Every structure is written in C-alpha cells, then in structure tokens.
Amino acid sequence: MATQRRKSPSSLYLIAVFSLLVASAAAKVFFEENFNDGWESRWVKSDWKKDENMAGEWNHTSGKWSGDANDKGIQTSEDYRFYAISAEFPEFSNKGKNLVFQFSVKHEQKLDCGGGYMKLISGDVDQKKFGGDTPYSIMFGPDICGYSTKKVHAILTYNDTNHLIKKEVPCETDQLTHVYTFILRPDATYSILIDSVEKQSGSLYSDWDILPPKTIKDPSAKKPEDWDDKEFIDDPEDKKPEGYDDIPEEITDPDAKKPEDWDDEEDGEWTAPTIPNPEYKGPWKAKKIKNPNYKGKWKAPMIDNPEFKDDPDLYVFPKLKYVGVELWQVKSGTLFDNVVITDDPEYAKSVAEETWGKQKDAEKAAFEEAEKKREEEESKAAPADSDAEDDDEADSDDADDADDKSESKDDDEAAHVRIATRLSFKTVFFWFSI
C-alpha cells in the first residue's frame, strides 16, 4: 500500500505564501499597511488640535499583549486627546469593481468612550490639517461610548451629505484584536464582517437614506367606507344574565361584629363595614368572536415615488486618495494595524487569516496571563492596604488615648487650682479674723 508523504512545516509555509501570492496577483490592492519599519514615511501626523495642546501622540507598538511582538501597529497613548493621522495612495475609482476596506483594531484600555474607526477620503487634502472638519467619503469601524453606543459605524457621503447606516451592527467590546471589513459591490449591495464573519448585509437603497424611496404610500388613497378592519366583534348570541345589574359592587361584611365598648348614645348607631362583593363581575360585556367580515388592517397602496431618481453610480467613489484615522478618546490605548484597501474580498480575507487568524490564540493566552498577573498583584496589594488601614486605626486610637490622658491631666490640674484657691481664701479669712 502506498503511503502519503506528510508535508514539512517549511513546505506548508511555502504553500501558504504561494496561495497569498496567487490571490494578490488576481486582486488589485490600492493600499496596504502593516506598519513595519518606515511606516512614518508613509503616514502624516496632523497638526490638528496642536495649538490647543489637545493633540495625542501615537506609539509604534504591538501592545501590552499580542500574538506576535514583531507585528506592530500604531496606538493612541494619551487620555482625553484628539488623534489625526493619514496616508496617501494613488487615486482610484471603485466604479465597476468591488471596494473592500479592512483593518484591525484592539482596545487594550477597556474602552469607555472613544472611536476605533477609519476614513477613506477623496480629492486633495492638506494632510497636516486633516481633522474633524475634513470631508470624507466613507467612515467605517467600531465606536463605543457608555452603555448606549457599542456599534459599527458605516457612514457614506453622497452629494456632500453624510448618511448613517440604519441597521444596528454591534461591535466587539473586549480587549483583543478584531478585524473589521466593509465590502461595497457594483450592484449597490454591501457586507460588514467582523473577524471574517458576516454580521450585516443589504442594499444601499434600503439600509441608508441616500436616495428617496423608490415607492411611497399613495397619498390620495382613502380607506373604503365599507372596509371592516375590526378583527373581533361582540357575540350577538351572548345575552346578559337576568339580574346581572342588580348585583351590588359591595356588601356588608357578614363577619363584622359590633365592638363591646360601642356606646350608641355617644358613638352613634353602629353600622357594619362593607367589603367587595365576590359575586360582582363588573359591567357586563358580551363575549368576543372572530369577525366574519374582517378584511385586515387597511393599508394605502404603494405607488412610484415621483421624487425618486435612480443613480446607477450610487456605490461609486470616483476619487479615493487617502486613508486616515481621526478620533477623540477619553481613555487611550486603541491600536490600529493591517490596513487593506482592495477590490478582492478573498485577498482581504487571506490577509486577515495570515495576521489575526494566526495570532489570535497566542494573543488571547498573553492577555489571560497579563490579567492573571494583574489580579495577583492586586491581591498582594490588598493586605498591605489593610495593614495600612489598621496602622491608621491604631494611630487614631493612640491619639484618642493621648487626648484622654491630656484631658484627664487638665481635669486634675483644674481640680488642684480650685483646691488651692479655696485654701487661699480660707487663709485670708483666717488672718482677717485674727
């Protein structure tokens, strides 16, 4: 029997590299950044907010925990700061092709409020002035603030107006690396992926209010007078029982007894209190039955919207030229890495697999080890804090004892003064008597 020869690790590596090269040969990669050596020559740090001393600094690092210490990104490093940085690439249009925008984000700081999104920018931009007011074409990525905002932004600019996606796309909130991918297709459909798993999809026509709706309710339509929209009606066969209305709502409490100390002359005539009548059922209502003439809830018919004008280039961004990060962070520590702009979703997926996919398990283990050390240090510090509190309490007790002794001494001295004073008066009286 022939045996299958096992591939060596080196041959498997070569196959993986070859597969990536094949994918890259078929794909058009407009921009790719892994923040290796020389990254600062490709990225421009903006002077935005520098005059106000509110511009944050970027660190080139793999973070406190990672799956590969040599795979570095850029990380926000100062709390309560604005951050703005951008890179230029050859201008292109996504007309007739897919647009895939992908990058990884890690919030090491257990983010309370801050963004982790990136922007694609069209036209010419002064990168040293890039900031919050700079127009952009696409803004995509996670945003977290408090308990209410934990979502993925997907904002598209059309005719100088920013349009937010109408669907909620929850983002990841842990302290590990996650890959965010936005795919825009020539048929005006889209997909949003997190860690290569699709989380949302749909159409630009329905999931953004970019264009007026294709159809609207006919404003001239009226509900027909004979339209019966009552699903249930009173049962005409159901009759009110005789004497139903004679049943009182309350009755005299049969268990009530006149108190022994009740005096009719002083207290007045005693009357028993009333209680709810268990036989009383409330106002009579006929039973409900299905309405045989029910036609359903009336809805106005839909008609073509006269305000709608289709744009076959709705998905097109003709002059994409920059990618940038512009955000505000209350607590710093967000790390960006492995940015890809391409026309091939499979190539973007292969990049995610070669980076995040191969590192995620090691990163998680490193994070868990870091958390374990942190908890151990906190537990060690706890007894010391307790001892310090005990010392403070002991010092406080000693101080109280000292105060008590001082007060006692003061009381003794005061008593001696009173005795001496009385003796002095007696002595004076004695001499006057002589």
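Each residue, glycine too, has its Cβ placed from N, Cα and C.
TrEMBL labels come from automatic prediction, so no person has curated them.
The alpha-D-glucoside binding site annotation in TrEMBL covers Tyr117, Lys119, Tyr136, Asp143, Glu326. DSSP assigns Glu326 (alpha-D-glucoside binding site) to a strand.
Summarising the annotation, TrEMBL assigns compositional bias 'Basic and acidic residues' to 215-225 (among others). The helix, strand and coil residue counts that DSSP assigns across the compositional bias 'Basic and acidic residues' (215-225) are 0 helix, 3 strand, 8 coil.
Summarising the annotation, TrEMBL assigns compositional bias 'Acidic residues' to 226-236 (among others).
Within its own chain, the compositional bias 'Acidic residues' (244-253) is flanked in space by residues 272-277, 279-281, 284, which lie at least six positions past its ends and keep a Cβ under 8 Å from the stretch. As annotated by TrEMBL, compositional bias 'Acidic residues' applies to 244-253 (among others).
What TrEMBL lists as compositional bias 'Basic and acidic residues' is 352-380 (among others). Using a Cβ-Cβ cut-off under 8 Å and counting only residues 6 or more beyond its ends in the same chain, the compositional bias 'Basic and acidic residues' (352-380) has close neighbours at 16, 20, 34, 64-68, 71, 102, 104, 175-179, 181, 195-196, 337-338.
Under the heading compositional bias 'Acidic residues', TrEMBL lists 386-413 (among others).
Look at TrEMBL and you will find Cys113-Cys145 tagged as disulfide bond. With a cut-off of 8 Å between CB atoms and residues at least 6 apart in sequence, the same chain places Asp112, Cys113, Gly114 near Cys145 (disulfide bond), listed in sequence order.
Taken from TrEMBL, the feature region 'Disordered' covers 215-283 (among others).
Positions annotated as region 'Disordered' by TrEMBL: 352-413 (among others).
Feature annotation from TrEMBL assigns signal peptide to 1-27.
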Which residue counts does DSSP give the compositional bias 'Basic and acidic residues' (352-380) for helix, strand and coil?
29 helix, 0 strand, 0 coil
Per 10 Å Cβ neighbour count, which of the binding-site residues Asp143, Glu326 ranks highest?
Glu326
Have a look around Tyr117 (alpha-D-glucoside binding site) and count the other CB atoms within 10 A of its CB, chains all included.
22
Say we define neighbours as other CB atoms within 10 Å of the CB. Which of the recorded positions Cys113, Lys119, Tyr136 has the fewest?
Cys113
Which residues, same chain and not among Tyr117, Lys119, Tyr136, Asp143, Glu326, have a CB within 8 angstroms of the centroid of the CB atoms at the recorded alpha-D-glucoside site?
Gly115, Met118, Met139, Phe140, Gly141, His153, Ile155, Gly324, Val325, Leu327
Alpha-D-glucoside site span - longest C-alpha distance across Tyr117, Lys119, Tyr136, Asp143, Glu326, in Å:
17
